[in-house]
């Protein structure tokens, strides 16, 4: 396999060409494309690539695996399946309550340091701590840790400890209207995603200083005015997000308050159905992850009339991408709610549409996690190296605390055929596994909702087909030529 880079960037993912293509054509394209100017696109500074492998085989196989999981579950006796979701393995006695204040104060100190570094540190986004701290650690790494260990945000929220010490937020001054549901969290999350995917200054340290400061001030005053518990539960977007991701954690408090291992997603059977606004929050997260993949493809840029090989940066597509993000959300909501409505009709369900949708929307969470892990896999490989460098000299003062300040990030994994195949295999496996977990959760919800197993299977058909299609879409986006 011959490898080349389409765009010059420190984090560029290489272009891979199968050996079946003419070597002469590869050399010619290499000479031409390597001469082209680079233009920054995403916050991870990832360059464009074209992956010319037999990806259709993987895409078809992954979709087939998800479909097969649904068909197998359709014939598995309900009693046996219930035992899987009811399985609990105790790993320790009742865990002690860990105080939130100490860790929260440490988190506040870290956040204040990031704000200081944004102004006093280097202008380079790849070496300024705030960029790595917000997008890599706070967004990606913390999401992964939440999926594994459960919701850690109550301890890492920088406001909790300070407000406890000051005696604020325990008793609300005002009442957060029930009518708005999770609307405040949804609007805030839309703003964060817009900054991440569309804003012209997503990685600019000074711009991030302003965004982070506004986020802290808004949610700090929200906790004081409306009470810490109610504001974090319905209005603070990171708490809402991490609470949803935590349903996939294998660690849980079992009956009797013991710490145990459970099947990932088993909480879907005991958690209350989500409201319409909370369901919209989940759908938006999945839609935003999907649009993140779509917006960087050559096909999307061509649809906008932009030459992907002469791309001038986000400024040329900011408004179309803003509309595209909203459109992706609306389309995802229509497709999901349509599948739930059709499934209810096929099963002749007596359960209300709101309850069906509120329970089934949990099944989108593992799909979102799978998209996130597969999409950011290459970024994490590079950002981990930059983070190790930044730790030695966070303010660009010539320090070398850990002896890594002069290290150079390596792209060696991207420059070999085996490395490219390993990354693609990981992405394929994660996407497939995430959708299979979603199918399992949907089956558990259906059996728990409908009286007869036959109705449960019929009611799942539209949602299962949607998951099969989403599996193929996710892998196609990873394989499609993109920036």
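Each residue's number is its place along the chain shown, starting with 1.
Each Cβ is built from the backbone N, Cα and C atoms, and glycine gets one as well.
Under the heading transmembrane segment, TrEMBL lists 29-51 (among others).
A Cβ distance under 8 Å defines the sequence-distant neighbours of the transmembrane segment (57-79), meaning residues of its chain 6+ beyond its ends; these are 424, 428, 431-432, 435-436, 439-440, 443, 447, 453, 456-457, 460, 464, 467-469, 471-472, 475-476, 479. TrEMBL lists 57-79 (among others) with the feature transmembrane segment.
The transmembrane segment annotation in TrEMBL covers 100-120 (among others).
If one looks beyond the transmembrane segment (132-153) by at least 6 residues along the same chain, the residues whose Cβ comes under 8 Å of a Cβ in the stretch are 43-44, 110, 114, 196, 202-203, 208, 212, 238-239, 241-243, 245-246, 248-252, 369, 372-373, 376, 379-380, 383, 386-387, 390. TrEMBL lists 132-153 (among others) with the feature transmembrane segment.
Taken from TrEMBL, the feature transmembrane segment covers 180-202 (among others).
Here TrEMBL flags 208-226 (among others) as transmembrane segment.
What TrEMBL lists as transmembrane segment is 277-301 (among others). Sequence-distant neighbours of the transmembrane segment (277-301) (same chain, 6+ residues past either end, Cβ-Cβ under 8 Å): 41-42, 48, 180-183, 185-186, 189-190, 193, 197, 240-241, 244, 307-308, 311, 317, 321, 324-325, 328-329, 331-333, 336, 357-358, 361-362, 364-365, 367-368, 371-372, 375, 473-474, 477-478, 480-483.
The transmembrane segment feature in TrEMBL is assigned to 322-344 (among others). Cβ atoms under 8 Å from those of the transmembrane segment (322-344) belong to residues 190, 193-194, 197-198, 280, 283-284, 286-288, 290-291, 294-295, 300, 351, 353, 356-357, 360-361, 364, 458-463, 465-466 of the same chain, restricted to positions at least 6 beyond its ends.
Look at TrEMBL and you will find 350-373 (among others) tagged as transmembrane segment.
Positions annotated as transmembrane segment by TrEMBL: 422-445 (among others).
Sequence-distant neighbours of the transmembrane segment (457-479) (same chain, 6+ residues past either end, Cβ-Cβ under 8 Å): 51, 53, 55, 58-60, 62-63, 66-67, 70, 74, 290, 293-294, 297, 335-336, 338-340, 342-344, 346-347, 349, 356, 360, 363, 367, 370-371, 374-375, 424, 427-428, 431-432, 435, 438-439, 442-443, 446, 449-450. The feature transmembrane segment is assigned by TrEMBL to 457-479 (among others).
Same-chain residues lying 6 or more positions outside the transmembrane segment (180-202) and placing a CB less than 8 Å from one of its CB atoms are 42-43, 135, 139, 208, 211, 215, 218-219, 222, 234-237, 240-241, 275-278, 280-281, 284-285, 288, 291-292, 295, 313-315, 318, 321-322, 325. With a cut-off of 8 Å between Cβ atoms, the residues of this chain six or more beyond the transmembrane segment (422-445) that come close are 51, 53, 55, 58, 62, 65-66, 69-70, 73, 81-82, 84-85, 248, 263-266, 268-269, 359-360, 362-367, 369-371, 373-374, 377-378, 413-414, 456, 460, 463-464, 467-468, 470-471, 474-475, 478-479.
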